[in-house]
């Protein structure tokens, strides 16, 4: 299929670049009131509101993607530059179990020098928990010069992306049919991006990472390791991996087993580094590459063979599903909001899956014994996943309001879900009530029994047991199965299911995670909070066009404060408001998830190996006995573990002590926006303006109180920011102290 582009569709205008709000007639006139700056930010990237031409909207989104990639490359470049210029990476490489990673040095302008703690090896700096040192070692970086070069490469890529964004909007812009060619896009993304991308990474792992890491593991100093290009010599590689002496002969004679010295299937963790075997990782990426290159030949493009997505979707109907998926292909090729909603839901869920793999199958050398990094990466991926999933709810509702055409969706699955929305939402609501009362009820019972001195009547591992038998069964199966399915493997996929304790330098990297009554109870709190988040987002989506309360909701748009005067009790019903409320429950859910993870790991996994071979855990296994009451969570988790952040003043961790307070302050500040009405502020502003007029200081731009929606947006933003900063400080001060 020929690539279709329009040449020079939009002239490059520096005049427009210099004019804020050029995309909107009202905004382009400049500010009359302070509302202008808020509307400018709200609408700058709302391409739907700037034009109704789907082709132009598609081009703007496409161009913005390149802008986004440019920002990512600049950000990554900065990370690598810090690693090259301000870090102890080379010292850490040679003594990774003793020296701590640092890639930031504070200038002592007003005495911040105290923050540069001693991280070992004669280096003073801020200890980082991004895990980049571990990633760099796995990739085969052996000196800071290589990091410099990569940082420069990142800037070159950023410049290229900025150019591409400009070029594909102003010089050669793709036609709409190019954006709508789903089959070609899928083939390209599967084969080229995922397939060839994985194959390229496999090549790097085999030719650079494996030899470098094998030498580092065996104790060779980083400065004595050959440079990457020296490994192109097969005789040098053959010293480490004998099959290299045979070249490509085993490949073409189908004697692939010969390559099993660097493409392995060991399972478990490398006992030197506490990470997945790098040769397993290379093998995995090779397999992924083969799978995706084949998958990228599935769809029918210019050759008349393969699948058509439209045909697959329309053929997919069961006996009870009416028209099935008919009409969904058109939705996904004409509504980018619908497409984005599906992708965000999937990517968000996948990101939370990644959070769990980072600790259960740690991919990078020495990462598993850096408890601060493990906690940071779990928290980071969990929260990012949560934001993406709420974004799915947001764009799903925007699709319903702006792009959904009921006439084109008669009796298909989407129409049937919308027509069943009362049954769906009322049942989901019942599930939420059931989960909430029962899960919380178990804690209320336990607190009451403990308060009354009746431990024998509590739900606990030593009284009335509520063992998670299904989870224990899954753990058991995963521990035993490899013995039958992969008899040559050394260990199972992950030690969290069962197996031996893996320790690096007398520090636990990973060990079996035993589950009991405490886990069963908090698991059902997770189930409750996640279901409530889904309830809010799904209700917002299903009722975004109409409801019994506001039948013409679709006409009011995605975000509106209330259904006008004389309609009391119609506030917070817009699609936007459901996203606003969903964010609080997302934060609520994930706070309990990361608290559960943090305490469980400190209690049952992280710790040191004593001379007699037993494990001394950080909090001595108190999770099973303390996490079964609300009082236990407050006393033995929040209060006991916040001692490090509260007592951090005067130490290298003191910034976290200040951030802990600042985060609480920002959180409290958010309540000022969430608990007060617009009228209060407008009244206050008018009295302040009167005072200015009295002094002949009248402002040229008229002050206006934030709109109701803007106030809620500022409120939820500061609520989340305050909560995230507080948690960040609490977790980091704690984990860096125990780490």
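Cβ coordinates are placed from backbone N, Cα and C, and glycine is handled just like the others.
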Range among 312-335, 336-359, 456-479, 480-503 that Swiss-Prot annotates as transmembrane segment: 336-359
Fewest other C-beta atoms within 10 angstroms, as judged across 680, 681, which are the binding-site residues: 680
Cβ-based contact of the transmembrane segment (578-599) with the transmembrane segment (713-733), 3 or more pairs under 8 Å: yes
Cα separation, residue 672 (chlorophyll a binding site) to residue 664 (chlorophyll a' binding site) (Å, whole number): 13
Top Cα neighbour of residue 672 (chlorophyll a binding site) in the set of binding-site residues 562, 571, 681: 681
List of residues, in chain order, with Cβ under 8 A from that of residue 571 ([4Fe-4S] cluster binding site) and at least 6 apart: 561, 562, 577, 708
For the transmembrane segment (653-675): best-contacting stretch of 281-299, 375-401, 713-733, by Cβ pairs under 8 Å: 713-733
